[in-house]
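Here's what TrEMBL has on this protein:
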type: DOMAIN; residues: 41-276; note: domain 'ABC transmembrane type-1'
type: DOMAIN; residues: 360-598; note: domain 'ABC transporter'
type: TRANSMEM; residues: 20-42; note: transmembrane segment
type: TRANSMEM; residues: 73-94; note: transmembrane segment
type: TRANSMEM; residues: 159-188; note: transmembrane segment
type: TRANSMEM; residues: 264-283; note: transmembrane segment
type: TRANSMEM; residues: 295-314; note: transmembrane segment
Amino acid sequence: MLKELYLIARPSGLKRLIAVLVVTVLQATVQTIAVFSLLPFLSAVSDIAAFRRSALGRLFVQVVGQGSSDHRIMLAAGTLALGILVLGNGLSLFSDHYRTKFAFSVAQDLRVRLLRQLVARRYEYFLGINSSVLIKNLVDDVGKVGADLVLPALDLVSRVLIVVFMAIAVLFVEPLVVVIGGVVVLAYNRLVMHPIRRKAHATSGAILDGIRQLHFEIFQALGGIKQILAAEKGGYFVNRVGQASSRMVRAMARVPMYAALPRSGFEVLVFGGMIVWVMSSIVAGENLAVLMPRIGFIAVVAYRVMPSLQLMFAQAALLNSSRQALDEVTGLLREQDRWLAAGQPPADLGEDRLGWSHSIRFERVSFGYQGADGPAVAELDFKIGKGERVAFVGPTGSGKSTLIDLLIGLLEPTGGRILVDDRPLDAGRIGPWRRTIGYVSQDLFLLDGSIAQNVAFGCDDDELDRARVLEIAEIAQARAFIETGQASGLDTVVGERGVRLSGGQRQRLALARALYFNPSVLVLDEATSALDPVTERNVTEAIRRGGGEVTVVTVAHRMSTVKDYDRIHFLENGRIVFSGSYNDLVENEDRFRSFIADSV
Ligand SMILES: Nc1ncnc2c1ncn2[C@@H]1O[C@H](COP(=O)(O)OP(=O)(O)OP(=O)(O)O)[C@@H](O)[C@H]1O
């Protein structure tokens, strides 16, 4: 696990990681010295004559000055102890803060890496995954990796070092205490902590499942709040969220017990051990005046080592119980590596657009969704000339949206190929191709931001061209409602998914967005009421006036929208069954005539 954590932390800077470890070793060293700096003080204060005779005392007197009085030696020993204590604790504070900062920056870097990887994914990936799982991965799991894995792992290094340094140092003074203490700690670990860790691990699995379920249920309930309220089904969703929450909370309630157990156990072991030591000395008739400074010193060592020992076990338990978050995150990262190894391009975050001059061509293109029985579209073969207006019509489920997704490069054909100007639309051309397309999708998506941010989609506020937004709004017939209906004009906030706008207003904004970047292809997947024939004519004319030649690809239900289109392709069961101009089809195709009659 430490190796995996190292691989996750490395991209945040090897130098920083080494600096964190150096500070940690320094912290452990100074803390150990701080405890031992008490030894001369305690000995000097309890029996100065004996101290002067001891090896440590002779060395100390030499440093302070041979002729120093008892008083001076005691004060010097006290000052030394005090100074190192302050230094040790100061360094501890700094070191803890430095580690925490590093661990959290690892989580931050990880989150950005995962996000970059996500936006570079093919659209198909998102069709197979619930967004609540991704939210959990990006928010909870990555947070856990920082706070419950990287940080405890670094803390663990510091704790282990403190315990080992102390043990080595005490070995010279009280070897028997170290040997007995070591055996007790190892036995305690094996007999008590080991089973607790296993239980804690199982509990954390239950908590993670609970969190996943809770995210899923809340996401589901809030996503459909309008329908839930309208159908008066609030109770059903409250029950589902409540059940998921109660499963999670029941598991969580066991965590503090597992966390507290090492602490209580150690207190009993260490202080109980010291009491037993004193009692056995009384029984053996030993001189307590000699014993007390030793006991005092061990008590100070115990006071220092105990929190480290407790934390060491608690952190080991935490690492163990957070393992699943690490597995999920490394799983996602590994997927990225596999995917790059398979020749998939990395995220295209460029700006360039694909210049094209004459045609888009589908050559026997087929596509089947994963897990579906048959292809959603099959053997699509057609050509769209630059500047043409082409429509796809057909009954529901006939494959029109799938065709559009293929055209935009959101889906990759499972058979055949798509050519732009006779060159395949391969991975390297898809980004630039999409940047030439203005797309209004069937399920409109609006940001919970201002009207301007929604039109200039993906532009930072400082590069947003407000004059252009207004100009485009005019073309999309959205200017009137922006200027008159809403008090704050372009800065009006539209609400989550645009709830504060009417359906038609949402469509007009989506259309304005599609036009903002001056597309050479306008793809409209059932953008119905916003695109009545008059608006559509305004749009194409405005683009032409701006010097652009626009190609329009439309999926429409209302035949009046596409009456004067250059070509209409009729789809049924994923195949184009006939094509022609509106008048041709009305004249020659019974199926088309009945379709018109049905769709009116
Ligand atoms: N993500 C998916 N996974 C599996 N099958 C899908 C998926 N999306 C669509 N399909 C199936 O593919 C077929 C074509 O769907 P598509 O959305 O392209 O039809 P459409 O012509 O646009 O329909 P509509 O006019 O109702 O919007 C349908 O049978 C549909 O059930």
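These residue numbers are counts, starting from 1, taken along the chain as shown.
Yeah, the Cβs are placed from backbone N, Cα and C, and that goes for glycine too.
Unlike curated records, TrEMBL annotations are generated automatically.
What you are looking at is a predicted structure, and each value in this text was computed from that prediction instead of being measured.
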Hey, does the transmembrane segment (73-94) touch the transmembrane segment (295-314), meaning at least 3 C-beta pairs closer than 8 angstroms, sequence gap 6 or more?
no
Of 73-94, 159-188, 264-283, whichever stretch has the most CB pairs under 8 A to the transmembrane segment (20-42):
73-94
Restricting to the same chain and to residues at least six past its boundaries, which positions have a Cβ under 8 Å from a Cβ of the transmembrane segment (264-283)?
180-181, 184, 188, 192, 291, 295, 298-299, 302, 306, 309-310, 313
Mean pLDDT for the domain 'ABC transporter' (360-598), as a whole number?
85
